[in-house]
Amino acid sequence: MKSSQRRIKRHAMRDMSISTLLLSVVLLPSVVSANDHVYFNPPSPGSPFLGPQIPLTGPPSLTNEHEFTLRHIYERGTNDQPDLHRRLDIKPHTRLWAVSDDGLEKELVTFDTPLVASSSPLTIQRLADRRPSVIEGYLTAARYNGEAVALSSSDWVMDTLAGPDVTKKETVLTFAKMTANDYIEEPGTEDWNYIHGRFNYSSSFGWQSDGLRGHIYADTKNNTIVISLKGTSPALFDGAGTTTNDKINDNLFFSCCCGQGGSYLWRQVCDCQQSAFTANLTCIAEAMNDENKYYRAAIDLYTNVTDMYPDANVWMTGHSLGGAMSSLLGLTFGLPVVTFEAVPEALPAARLGLPSPPGHDPRLPQTRKYTGTYHFGHTADPVYMGTCNGVGSICTWGGYAMESACHTGQMCVYDTVEDKGWRVALSTHRIKAVISDVLEVYDNVPPCAAEEECYDCELWKFFRSNGSETTTTSRTSTTTTPTTTRTLTCETPGWWGCLDESTTTTATTATSTTTTTSTCKTPGWFGCKDSTTTVDATAAPTVTTTIATPTTFPISSTTCKDPGWFGCRDPSSTTASVTAPPFSTSTSSDHVRADHSIGDGAAHPLTRMYLERLRQVEFAWGSDIEHYEI
């Protein structure tokens with residue numbers, strides 16, 4: 001009997017346990033967090049026993065593989081259209097063209113190759129509250145105070161999140177291809193979504209015009225998105241695509257003083273220089289924070305993208321100028337960043353007043369650790385290495401003032417100069433050449449390390465002001481005006497002189513005459529050799545010598561009646577003599593005349609020699625010398 005009762009009791013307890021278990025499962029909430037403790041049949045408040053518990057799973061894995069596809073293309077207007085912000089959604093039927101580096105060649109895009117990247121744990125020190133409104137408050141205070149806002153350690157956190165695995169070659173290549181893709185929609189098939197601003201933009205405002213472009217990639221689960229910002233247009237001179245606007249932003253962000261104080265070829269984009277190597281830093285910072293500049297446009301673009309994907313993990317990438325803007329966004333909002341051949345951006349990061357963790361100088365953002373930023377590049381690229389600023393560099397001849405030299409975060413450098421013997425040239429800066437000649441050729445990804453002991457604009461002196469000053473640059477021009485001074489009094493001037501009947505002319509002439517007579521008995525080549533020279537102002541008497549002896553010179557006169565080839569063939573010739581008349585020379589203290597007398601030796605020996613030779617010539621040729629003055 002007792003055994004029968006025990007069996008019935010065991011069956012009842014078993015039935016009660018099964019029904020209790022089923023009831024507990026039915027009463028579970030529909031959504032349960034994986035990190036919360038979930039109990040089957042929770043114990044009563046006074047019970048000392050705990051009910052059965054479901055084993056807890058660990059945190060989500062930070063190591064994963066992502067396959068990305070292009071989802072959107074954003075266009076943010078700057079200079080010409082500052083209110084423009086539009087989005088193009090990529091759909092299966094959307095027809096896109098890929099634009100070449102020079103913007104001239106276009107080809108239809110086919111997305112055959114998947115964009116695959118891996119993620120790994122990444123630690124970033126960033127602000128705990130990263131809402132755009134809070135960040136804007138910090139940036140506004142920095143502009144007003146002239147320096148970054150000082151925050152306490154409680155405002156900062158060390159977050160470990162899923163970031164791009166930059167140790168894998170495939171991941172690096174995928175990000176590089178994202179930066180290389182520059183897409184436009186086939187003309188005539190555009191389907192724009194205007195986010196805000198005016199809706200009556202002209203059709204001439206297109207992809208190759210003013211503005212900042214961003215390509216938005218997302219993985220299959222929309223858990224991770226990548227924002228790729230377009231880099232600098234490769235054309236050197238204004239008028240090709242976004243080249244003019246890119247040059248303005250390049251010279252504003254990466255020059256010591258907006259292109260001032262250097263080469264006359266640099267395009268000057270602000271007026272903040274006070275004197276040689278002295279500039280107003282407040283003026284420069286205000287110009288960089290203008291709403292029509294790339295940094296403000298990049299913040300606006302990022303804010304609208306995160307509104308579409310509020311729970312997604314955001315990664316940034318870009319090439320050249322786009323890489324620098326991506327890095328600035330990463331420092332602002334604490335995002336993982338991978339750039340390629342980026343312009344050194346530590347200089348603008350310091351001037352924008354980005355917040356820095358305690359213990360770090362906000363004026364030296366290159367000293368920060370745990371930024372989550374990786375800059376890939378090679379040693380033959382002068383833009384990446386910060387050396388494209390010499391007098392003979394192509395950057396200077398193109399008007400670019402690329403003076404910054406320091407990167408934030410870590411640099412991952414391919415030493416192509418040492419490994420491949422490349423020479424430093426701007427042609428190696430193009431992203432497609434980097435992909436084909438560097439990233440795909442090297443077997444391994446280079447190690448990444450932070451720059452040490454790097455400083456920008458060491459020759460310059462900067463000062464801050466309250467922002468109310470008006471900064472001007474003085475230019476001195478020299479104008480030459482011809483001046484004519486008339487010394488005559490003329491009421492009716494004419495083409496060939498004054499037409500007045502009488503003209504008054506005032507002229508003063510001073511004349512000084514000195515007459516010196518020297519008597520030298522022993523002349524030399526360089527003066528008189530007499531020990532005493534007598535100077536007398538009285539004219540010397542004239543001495544005349546007459547020679548009565550006639551001089552006879554034979555003169556031959558030939559008459560030929562029968563000339564031949566080699567002379568006259570006549571048998572005889574006649575010779576006549578001519579007697580010259582007497583010749584006299586007169587010598588006076590004023591001058592020597594050769595008119596019928598020869599001096600007696602009072603003249604210089606060279607003078608007597610000359611007169612003797614002159615007499616022989618006269619007698620020989622029968623010349624009639626009237627007057628010679630020596």
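Glycine residues also receive a Cβ, built from the backbone N, Cα and C atoms like all the rest.
Note that the structure is predicted; figures quoted are calculated from it, not measured.
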Per Swiss-Prot record, range annotated region 'Disordered' [choices 71-93, 462-484, 508-530, 577-599]: 577-599
Local backbone state of Asn222 (N-linked glycosylation site), from DSSP in three classes: coil
Glycosylation sites (Asn222, Asn280, Asn304), the one with most neighbouring Cβ atoms at 10 Å: Asn280
Length of the line joining the Cα atoms of Asn280 (N-linked glycosylation site) and Asn304 (N-linked glycosylation site), in Å: 34
Overall pLDDT for the topological domain 'Lumenal' (41-630), taken as the rounded mean: 75
Cα distance (Å, whole number) from Asn222 (N-linked glycosylation site) to Asn304 (N-linked glycosylation site): 16
